[in-house]
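Scroll down for the structure; my scribbles are underneath it.
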Amino acid sequence: MADPRARATSPGANDDDIQPSPRLRGVTAVPPSTMSPIKPITPGSATAAADRRLRRRYSGRVSNTVNSFEKRHERTEIPRSVDIEDVDSPPLRRFHDKVHPHRQLFVRIVLCIVLGFLTSGMYYLMHHYTVLINDWRVNKAKELYKTSFVAFWGWLVGIGLAAGLITAVLSIYEPSAAGSGMPEVISYLNGLERPRYISFKTLVFKLIGMTLITSSGIYSGYDGPLIHTCAILGIVIIRNLKKIPFFTKAYYGLPRSKWSKETLSLLRIKRSQELQVFATLGAACGVAAAFQAPLAGVTFALEEAVSFYDPSLILKTLFSCAISLMATSIWYLGKKQNGNSYSIYLVNAHCNLNLNILDFVSWAIIGAAGGVLGHLYNLLVAKISKLRAKYIQPSRVRRVVEVIVVVVISMTATAFLIQVPTEDDGSTCTSFDRSLKHLIKVPDDNPCVYACKDLLNVDASSLLHKRAPAAPPSDETETPLDKCTYWFYGHLCTDVRIRDIVLAEAVDRYLAAGEYCAKKPPTERYSLLIETSQEVHDLVASSIDTYKSALYPKGLFFDGDFNKTAAASKSKSSLHKRAAAKPLTEPKCYHQMASLFMNQPENILNNLFTRGYYYLFEWRTLLIFGFAYLILSLATHNISAPTDLVIPGLIVGAAFGRLYALGVNVLRSKWGLGLADPGATALLGTAAFWSGTSRLVVTIIVIALQATNEQTYLNGVTMVVLIATAIGNAFGESQYHLEIEEMHMAFLPHTAPPALTKTTVADRILEDEGSLAPENLASIPLEPEFTVQEAIYLLRSTQFSGFPVVHATKQTLYGLLLRDQLLDLINREVERLTGKSVAATLDRKKKPVGLLKRIFGRRKTPSVGLSTLADHQARFDQSTAELDHLMGALTPAVLQLRLDLVVQEVMNRSPRVVYPETSAAKAYTMFRGLGVRHLMVVDFDNVAVGILTRSDFHKLVEDAHHGHAGGHGHGHGHGHDAHVAAEGGHAAPGSRSAAPMSQIPLAQAEATVPAMGRH
């Protein structure tokens, strides 16, 4: 019996003069000269199978070598929207009939556990080998420094060049491995993907690159690349779920062997939803691993990563981040056993100092400075990135040269700056007791200073039994020692060991006060605290035997030859003279510059956050280090390596925060006020500068609490973060969003611009057409005349990613069919009639055997015949020439197959719709909040008059922010068609837009991208 979907073939159906049906709206005729005279496919017996085979059409091979970097880089710049909306259709309901929600929940829980363990394991590998490589590098450098500066400099440069060149080669081979990856992660979770930036190769190369960069002394961090790789890891887990039979059946309701073509078409969209969820979970686990703060991962997902909010995502994210933190202890073999072990920037002292109005004013200044300087920093980063994209990125030779120049300059600066003298005698080594100068810079009227007449009757039984009174001592029982101790706790911050030493000395002085004052006049001044530098020195020296190395903060570089009297006798410095006299009891000397420049970023922050050592770093050291790190990190960012500015920004903020405290303390000392702790101010400076650049609020507050285990300054951190964020937002976008703009990504912010509330869909979005006529819309008529031939013409004449399905004459809306679905239907009908898969035949790109293929092996073709439809976003090229090739290869019988019935079966029967009079702001909120890719515009008779996509709303946002004149936005392409390229859909109903970059074949895309993406 003849197939009911096949029509009688009209004469000349496969001739060169075939024209599209007039019922296809918005479709232009195809010139006859473009048709390819390919031998047609005809249904027949097995003997005719060879004749039915589509001729392979090979394009120029794109080699995975260094020579093809430009083309590969251009392909990585191609963005496209993500389909995450369910296609409401009978096949979807049949699919859900086979799915068991409890089994799906079980699989999701298992996958969250796997994701938590893998992300923490990836962090452990990166961090562990970073520490090993850096320790080896620094220890060797210290040995060479004793013998020859040239050898020391050569070692630093050599290691830096080795790491830089390896990462440069990896980035040239896989361009998506360069940069932080955070803009791509944020854009993907906003509904816009760049496919190569979420590949497994990117994950591997980025993990190798950030390990080498961080451990080689190059001025960069690993937080952004780590979050990117963790997000990719979540995507990879979902992509490979189908390879495990048990999970496949439990999650999808059917074993993989029973997947039908209908199931495969649905899974592509269903999997996109899970990919976005697990990318969010992966990014959150990356934050939790980077800062050892699971709650920070949750808040980051809610603040920055999530575009389509789902309340259940909070629980999923918290569970995954908690598993990641728990797994960290397993990877570290149980070394992390308590809360302090998980604080990556654990402060060494918790000081509950008394606050006054001057402290709050000082915090407000820090917050305001963080907001202003953070915005200027963002503009500087964007400007440098733009210049680099214009002059450096177009040439791979210049990329490699840039890496070499940056590494040589950075390592040379490090080698010379650590020799800058920090002492008046020209020495680079500072005596440790100098860091405690604040112990003698106390107000003269402090409660620890008394006249001798008040200390004549000292009773030893009245000594304090508790060193830290919870409340001020009462007037009836208080003693001078009680008052002094309470004042000390509230006005001076010291490490617990130093505090015990000072208070023990105060007790001894209090006990000796009676005997001393009996021989002195009644008005003689007597202090219970030490008051001179020599007393501080002697106090520390007398405690070395008790505390040994525990007396000194961790992370400092000390003079290795300090205790060698033979070497000390050759030096003329006063420190070495004291060492010769008392080599075992003298306080060590430490190198301020080396402790900052030669350390890992994590140790640098720990040094800057050190509490209780107010003068651990002098103002000259902090000034030189802060500006040097700022300049060198800006020069390093966005070279051909996985670089990031999160950690450099934290370090710069901490350095200038500590410097600010030293300046404020000069004034406070003159005014007779207590001194501010530079370690605490460094934390405030970090929080202010980070929020000024990133505009994160809750995430930074949580990290400041969890990563440092510091609660005493939580109110200060909250205050500076809120002020810096508010001021920064008043000036402009955050750092990552400015980078997204420079990448020409059609990112949609959380809220619609206020200008959209004053206009309607008809006023602004359809203004280019002049009318709301259905004839302007390329649609699919639901009629028998819609055949394979008509569908190919529709695909050939437009590059839209979705088509409204309408009544043939009334133009009333029936539903929406995605471009991918239409391609599936063509493939399905051709295979049903001919026995040959069109998609499999036309997937004719020759895959080269590159480096990764040799390492990881070729990807095996799944046993299911059409599973490649679910595995690959683009089954075959949709270029004009490719569709011409398909048209010429099909016989009239195949071309005249009816598609209207199958279209009606698989189309989305409930697409999101708005009316022409709908507020543009409401349409924007619906589009973004629901994660829609296509928003239909219908009149009150349900006639389809338009379709809105991401490019339309992005155009509105850009017009609202930058005005209509001179294009559609700041650096976002050349006109409206450039925005269409970011979406791959209708730019505006009926507009004849340029082909979307996500669907242009390689040869055409390579010719199109430079015009849009380069400046």
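Glycine too: its Cβ is placed from the backbone N, Cα and C atoms.
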Range annotated as region 'Disordered' - as stated in TrEMBL, picked from 1-50, 51-100: 1-50
Two-stretch contact, the transmembrane segment (645-667) and the transmembrane segment (225-241), at least three Cβ pairs under 8 Å: no
Secondary structure content of the domain 'CBS' (907-966), with strand meaning DSSP E or B: 23 helix, 14 strand, 23 coil
Confidence summary for the domain 'CBS' (907-966), mean pLDDT rounded: 86
Chain residues outside the transmembrane segment (277-301) and at least six past its termini with a C-beta under 8 angstroms from it: 111-112, 115-116, 119-120, 122-123, 185, 188-189, 198, 222-223, 226-235, 237-238, 310, 313-314, 316-318, 320-322, 324-325, 328, 342-344, 696, 698-699, 702-703, 706-707
Contact yes or no, the transmembrane segment (355-377) and the transmembrane segment (713-732), 3+ Cβ pairs under 8 Å, gap 6+: yes
Long-range Cβ neighbours of the transmembrane segment (679-707) (under 8 Å; 6 or more residues past either end): 287, 291-296, 299-300, 302-304, 342-345, 347, 349, 351, 362-363, 366-367, 369-375, 377-378, 493, 605, 608-614, 645-646, 649-650, 652-658, 660-661, 664, 713-714, 716-718, 720-725, 727-729, 734-736
Considering the transmembrane segment (225-241), which listed stretch of 105-126, 152-173, 397-418, 621-639, 713-732 counts the most C-beta pairs under 8 Å: 105-126
Best-contacting stretch, by C-beta pairs under 8 Å, relative to the transmembrane segment (203-219) and drawn from 152-173, 397-418, 713-732: 152-173
DSSP residue counts for the domain 'CBS' (772-832), split into helix, strand and coil: 27 helix, 17 strand, 17 coil
Contacting positions for the transmembrane segment (105-126) when only residues 6+ beyond its ends and CB under 8 Å are counted: 207, 210-211, 214, 222, 226, 229-230, 233-234, 237-238, 241, 247, 250-251, 278, 281-282, 285-286, 288-290, 316, 319-328, 330-332
